[in-house]
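Per TrEMBL, the features are as follows:
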- B:66-277: domain 'ABC transmembrane type-1' (DOMAIN)
- B:70-89: transmembrane segment (TRANSMEM)
- B:96-115: transmembrane segment (TRANSMEM)
- B:160-183: transmembrane segment (TRANSMEM)
- B:208-225: transmembrane segment (TRANSMEM)
- B:259-280: transmembrane segment (TRANSMEM)
Amino acid sequence: MNLSWMAWTLPTATFFIVIGLLIAGMAVWEYFSPGGHPRVGVLRFETTRGDRLFISLLGSGFIHLAWLGLVGPDLWWALALSLVYAFCVFRFV
Amino acid sequence: MDRTWNNKAWFLVLPVLLLVAFSAIIPLMTVVNYSVQDTFGNNVFFWVGVEWFEELLHSPRFWQALLRNLIFSAIILAIQIPLGVFIALNMPRRGWGVSVCLVLMALPLLIPWNVVGTIWQVFGRVDIGLLGYTLARLGINYNYVQDPLAAWVTVIVMDIWHWTSLVVLLCYAGLVSIPDAYFQAAKIDGASRWSVFRYIQLPKMNRVLLIAVLLRFMDSFMIYTEPFVVTGGGPGNETTFLSIDLVKMAIGQFDVGPAAAMSLVYFLIVLLVCWVFYTVMTNYGEESGR
């Protein structure tokens, strides 16, 4: 099957593999600790692990865009900031 | 109550997952791939990194289109929601009038978007359109091809004509589901019309109103066909909303890379708004269910 029209590159493939691994990791986590661990955090509404992953990924997208628009194209710092943000989301949200 | 968990039921989701993969996930992956590359056709691509995103975020054209989109959505929400509630409140609850009103309300929703655009394009023309001709005879300078204000008014009125019915039908469904006992109690207490609306009808309509706001915001934020048919994004770029700009970039200019970057930013904004509305709706549902 010719997939050249999809124009795959190593960085984009890595990006999707990481997202896939995160989702697979969540499934494994759910298998060993079922129920999604719902709790009410700083946002004052109930979130599950899946919600927290979604909030982390969505927020990371905006962090990268904000960094790119306000600081510059060196996105490693944005990635580091996103990891800190994701940690905070999983810890406090 | 103990629930029975059967994880084999997840296999029932598989067909939908496959469908979504082909119709959404694979195209999204392709857009991500295009957004970091440049091409001159023939499936030959050159890596450019985040250049398109950087260019987009510093482009006044993008911010202006986004601002226009937000203003458009705010205006149509500010008009359609109160107007829809008002019409729903005044629709008959029983008798033959119910069917007539429901059919009349459903009619604009059944018309394809490009046909709505064509109707209003002709309707607004000064030479042959009823609206344009009448306004011209009344001495009002109305020309949606040249005047930005006229173009905006036409697009907004067209959207109100097309979509207020949806708000009406949702609100009407909310209103007819209120048990008569509430109104009887209000009558016994001598409640005014305003009190009945404020303390009975509005709280009972809250959920459908949230759905209406969500649907109308998303629809208006992604609007393409109607304004494209009527104004083509003009005069100048005055009614060029994000989706119109995106199509101009991707198909008109064949700038696939920048268009892909813009699509992703657009997608992120839509996703964020969807999540906010979804969260508000589900939490409201849980609170009101307690």
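The backbone N, Cα and C atoms fix where each Cβ goes, and this holds for glycine too.
The listed stretches are B:70-89, B:160-183, B:208-225, B:259-280; of these, B:160-183 has the most Cβ pairs under 8 Å to the transmembrane segment (B:96-115). Using a Cβ-Cβ cut-off under 8 Å and counting only residues 6 or more beyond its ends in the same chain, the transmembrane segment (B:259-280) has close neighbours at 28, 31-35, 52-53, 55-57, 62, 66, 210, 213-214, 217-218, 221-222, 242-243, 245-246, 249-250. Long-range contacts of the transmembrane segment (B:70-89) within the same chain: residues 105, 155-156, 159-160, 163-172, 174-175, 197, 201, 205, 209, 212-213, 216-217, 220-221, 223, 241, each at least 6 residues beyond the stretch ends and with a Cβ under 8 Å from a Cβ of the stretch.
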